[in-house]
Each structure stands twice: as structure tokens, then as C-alpha cells.
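Below: the structure, in C-alpha cells.
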Amino acid sequence: MQKERVIMTNISTLNDVQKIIVLDYGSQYNQLIARRIREFGVFSELKSHKITADEVRAINPIGIILSGGPNSVYAEDAFGIDEEIFELGIPILGICYGMQLLTHKLGGKVVPAGEAGNREYGQSTLRLRAQSELFAGTPEEQVVLMSHGDAVTEIPEGFHLVADSVDCPFAAMEDTKKNFYGIQFHPEVRHTVYGNDILKNFAFSICGAKGDWSMANFVDMQIAQIRETVGDRKVLLGLSGGVDSSVVGVLLQKAIGDQLTCIFVDHGLLRKGEGDQVMEMLGGKFGLNIIRVDASKRFLDLLAGVDDPDKKRKIIGNEFVHVFDDEASKLKGVDFLAQGTLYTDIIESGTETAQTIKSHHNVGGLPEDMQFELIEPLNTLFKDEVRALGTELGMPDEVVWRQPFPGPGLAIRIMGEITEEKLETVRESDAILREEIAKAGLDRDVWQYFTVNTGVRSVGVMGDGRTYDYTIAIRAITSIDGMTADFAKLPWEVLQKISVRIVNEVDHVNRIVYDITSKPPATVEWE
């Protein structure tokens with residue numbers, strides 16, 4: 001019989017926690033707004049633009065931010081807002097579309113920017129025309145990122161002009177009596193030089209934030225929530241060996257002790273030596289009760305001949321839970337399945353206002369007939385926050401700073417059909433890459449690095465013979481939260497050493513390429 005997903009007590013409903021909610025209008029940057037607010041020690045998360053005033057009252061936020069978005073406020077299908085929210089007495093900051101929505105709903109005027117002749121995309125110089133608490137401590141002229149196709153031409157009654165730009169006569173406005181603020185630019189992106197200062201001013205000066213949100217708070221609350229949800233029942237956790245599932249394991253162990261059973265599924269798609277490392281690290285050092293299952297043949301048989309990346313993810317997600325079903329049937333009274341789903345996983349799998357980037361192994365890969373209720377203790381956290389949580393839980397750096405590894409494992413680092421030969425090329429080349437990055441002292445500077453079998457064969461020469469072997473790609477990126485990333489500028493001598501070692505030590509490889517694509521437009525993983 002199918003069971004529903006467990007909805008863990010949401011942090012945003014806890015009245016003793018200050019929070020600022022971000023209403024989602026579909027901007028590619030909206031998750032960064034919540035991330036920036038959290039950096040200040042204030043809890044923040046995205047909520048649907050369809051949220052009602054009663055639901056906002058229940059959350060009791062100290063502030064509301066209306067995100068940007070691609071739509072026009074005057075379109076028939078425009079995303080709106082429950083106008084009773086304006087009567088709650090809560091400070092509101094409208095960003096880009098959010099400013100236009102405030103204007104439109106409160107009696108101002110918004111028109112297509114082409115009609116007003118002030119369409120703006122890219123960096124622009126903002127000019128302050130009045131003193132404002134929102135802009136306190138920032139210069140009269142400052143560089144901001146504009147990205148709007150519509151424009152405010154008349155501000156609502158009660159508002160006054162705060163700033164403009166060459167092409168935007170109303171770039172910022174405010175109604176200090178109601179504590180409503182609107183800005184036409186994006187403060188959440190790094191291209192807006194004083195963006196953090198502006199968001200800090202909103203959070204602290206206008207909303208009255210104390211900045212007392214921390215991982216210690218999160219640990220205490222999550223342990224309490226887990227105990228309340230689980231009671232005296234049992235939880236099954238799938239360990240992958242990655243940071244996320246390891247942190248979930250230690251958190252659950254602290255919360256419910258021996259009510260937790262961990263299953264480590266060796267699906268035949270792990271990195272070199274990973275299986276033994278998981279058992280030694282989490283079973284030995286942390287005392288987790290771990291059942292190791294060798295299911296490699298089951299997975300590889302199902303993946304034979306499959307080259308579509310989403311099908312790979314679905315197959316692995318389905319089989320992963322089926323293995324759990326098989327193992328759980330040997331145990332008594334297991335009701336819950338725990339996962340290391342992160343906030344970024346949920347965002348990348350799409351919201352009602354944004355397109356799905358790709359199905360995620362922790363979100364879209366679960367079968368409809370899943371036989372467990374689902375617990376996701378990390379699903380409000382970004383990657384760097386998970387590392388901070390691991391440190392707060394007393395986990396050593398070698399665990400906390402371990403390279404991120406996707407649930408589908410090496411399956412999504414092999415383009416096309418998965419074969420034993422391709423698996424071996426990725427395992428061995430990845431081990432060399434990790435070893436050389438560590439030797440160069442770059443393992444804490446580079447956020448993530450791995451190798452990919454591109455599925456492409458090319459002509460080469462080794463010794464006196466012609467070869468026709470695989471091309472291996474190196475992917476190395478720098479990032480803060482995983483939502484955006486730049487390719488890592490690794491020293492040429494390090495790249496050269498890695499390349500020489502791989503082509504000499506790994507069979508069936510004769511060419512190495514370096515991926516110099518940022519995110520966006522690419523994702524971190526190749527599939």
C-alpha cells in the first residue's frame with residue numbers, strides 16, 4: 001500500500017524563530033535571495049506566490065520579499081498576490097517584478113519598457129535621489145544589475161522616489177509609513193555591488209532581525225522535529241557515502257539512536273574504494289548500524305543499453321527503493337525512509353513558477369508505489385550549510401569536506417550506455433584527479449571536481465601504434481552554494497600532471513579535455 005510523504009514540521013511555522021519569507025515569482029535568482037538573508041543569520045525560504053494572508057499570519061514572518069520574475073503584471077495570466085497581505089503590517093520589499101506588482105496592486109502604473117523607452121538589461125548606475133533607510137551606508141551612485149522588460153511610470157500614492165538611473169526614472173521607491181519598499185534591480189546577485197548592504201538594511205533596520213539563526217539552532221530544532229515525527233518507530237536511511245547522507249545519518253543517530261538502521265547499497269556505480277571507506281568511517285567511527293548490500297548486478301543489468309540520462313536516474317531511483325523494500329521486509333516495523341535531499345535539489349527539479357532543469361535523483365526518481373514515508377531533514381539547506389551542520393555535529397573535516405557525489409553515482413558521469421569498461425575509466429581517472437588535487441593543496445579551494453567519460457572516442461598514438469580510445473573530461477568548479485558556479489582556474493602544471501597520469505595509467509583513454517563552462521548555462525554534473 002502506498003504511503004504519503006511525511007511533511008516535517010516546517011521551520012517557517014516555528015514562532016520562536018525570526019524569518020523572512022520570499023514569495024516566488026519565477027526569477028532565476030529567487031533562491032539566492034533566501035541564501036543571502038541566511039548569510040546574515042536570519043532564516044529565510046521561498047514560498048509560493050499563491051500563499052494566503054492567513055498562511056502568512058501562521059508563519060509570522062518579520063519581513064516579506066517579493067521576488068523578480070519573467071512575467072508582466074498586466075498580463076491575463078500574471079502571478080498575483082493575496083492583497084490582504086498588504087494589511088498585515090509586515091515590511092515588504094519588492095524586487096524587479098515584485099516592485100512592479102506592488103505598484104500595480106497599490107494604484108501606480110506599469111507599462112512595457114519599450115513604450116517608456118527605458119528597457120534595461122545588465123549593469124547600470126543607480127543614483128540616489130533621497131535618503132532612505134534601505135540604502136543607508138551606500139554611496140549616492142552605485143552599480144546595480146537591472147533585468148526588466150517593463151517599467152514603473154507612476155508610483156502609488158504614499159510612495160516617494162528614492163533612486164533612478166539613466167534609463168529608469170523609478171528605480172527605487174518607498175512608503176515608510178507602511179514599510180513598503182520597491183527596487184527595480186537585483187540586490188541578491190554579486191553584480192549589484194552594494195546588494196548585500198541593501199538586503200541587510202531591510203533585514204535588520206527595517207524588519208528588526210536579530211541575526212541569531214545558526215546551525216546550532218537548526219540541530220536542536222531538527223532533533224526535536226525528528227523525535228516528534230518518528231516517535232518510537234524505526235527509520236531506514238540509504239547511505240551513499242556522500243556528505244549529505246552521512247550528515248543525515250549522524251543527525252538521525254543523535255535524534256533517535258538505535259531506531260535508525262542504515263542500508264548502504266553498493267549499486268556498482270561507486271568511486272574507487274568507496275564502499276570500504278563508508279563502512280569504516282560511519283560504521284566504525286560514528287557507530288551507525290549499517291547493512292551493506294551488494295546490488296551491483298541488479299542495477300547494472302537494468303541499466304544495460306540505457307543511454308538517456310533521465311531514464312538512468314529513474315531506473316536508479318526506482319531500484320534503490322526496491323532494494324530498500326527487499327531489505328526492509330527482513331526488518332520489523334520500519335516506517336520511514338530518510339534522504340539527503342537539499343534545497344538546491346528541490347529548486348533544480350522545478351517549482352510551479354520555473355522550469356525543471358533536470359529530474360533529481362532525490363526528488364523525481366522515487367516510484368509512485370514507494371513503501372516508506374519520507375523524511376528529508378536537510379531539504380531547507382544549501383550545500384555549504386550542510387557542511388556547517390556536519391561540523392556542528394562534530395564530524396571531522398575529511399567527512400564534511402568530502403567531494404559531493406550524486407545518488408546515481410558514476411552513472412551520470414558516463415555519457416551514453418554504461419559498461420564495465422567505461423566505469424573503470426571513470427573510477428581510475430577520478431581517483432587520480434582527487435589524489436593530485438589534494439597533493440597540490442587545492443582540495444579546499446575547489447568546491448567540486450570529478451571526471452566524466454564523454455562517450456566520445458578519438459584517434460591517438462601510443463608507442464608506435466594508433467589508438468582509438470575514450471576522451472575523459474575533467475570538471476572542476478568553484479561555488480558557494482551550488483546554485484551558481486564558475487570553472488576552477490587550476491594551475492596548468494597541475495592539469496598537465498593529471499592528464500599525463502590518466503592517459504598513462506588508465507586503460508582505454510587517450511585524450512583529456514577540461515570543462516570551462518560556468519553554471520549557468522551548464523549544470524555541475526554532465527547528466
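Each residue, glycine too, has its Cβ placed from N, Cα and C.
Around the Cβ of CYS96 (active site, nucleophile), a 10 Å sphere holds 26 further Cβ atoms from the protein chains shown. DSSP classifies CYS96 (active site, nucleophile) as coil under the three-state reduction. The feature active site, nucleophile is assigned by Swiss-Prot to CYS96.
Under the DSSP three-state reduction, HIS186 (active site) is assigned to coil, being neither helix nor strand. The number of other CB atoms found within 10 A of the CB of HIS186 (active site), across every protein chain shown, is 24. Look at Swiss-Prot and you will find HIS186 (among others) tagged as active site, backed by sequence analysis.
Marked as active site by Swiss-Prot on the basis of sequence analysis: GLU188 (among others).
The feature ATP binding site is assigned by Swiss-Prot to SER240, GLY241, GLY242, VAL243, ASP244, SER245, SER246, with sequence analysis given as support. In the three-state DSSP reading, GLY242 (ATP binding site) counts as coil.
Marked as domain 'Glutamine amidotransferase type-1' by Swiss-Prot: 19-212.
The annotation domain 'GMPS ATP-PPase' is assigned in Swiss-Prot to 213-402.
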Practice prompt. Can you figure out which of CYS96, VAL243, ASP244, SER245, SER246 (the recorded positions) comes closest in space to GLU188 (active site), comparing Cα atoms?
Written response: CYS96
Item to complete: Quick one: pull the CA-CA distance for GLY241 (ATP binding site) versus CYS96 (active site, nucleophile), whole Å only.
Response: 41
Item to complete: Across all the protein chains here, work out how many other Cβ atoms are within 10 Å of the Cβ of GLY242 (ATP binding site).
Response: 20
Worksheet entry | Residues near SER245 (ATP binding site) in space but at least six apart in sequence (CB under 8 A) | LEU237, GLY238, LEU239, GLN339, GLY340
Worksheet, complete the sentence: Across every protein chain in view, the count of C-beta atoms other than its own within 10 A of the C-beta of ASP244 (ATP binding site) is 25
Worksheet item: Taking each of CYS96, SER240, GLY242, ASP244 in turn, which of these recorded positions have a Cα lying within 10 angstroms of the Cα of HIS186 (active site)?
Response: CYS96
Worksheet item: How big is the Cα-to-Cα gap, in Å, between GLY242 (ATP binding site) and CYS96 (active site, nucleophile)?
Response: 38
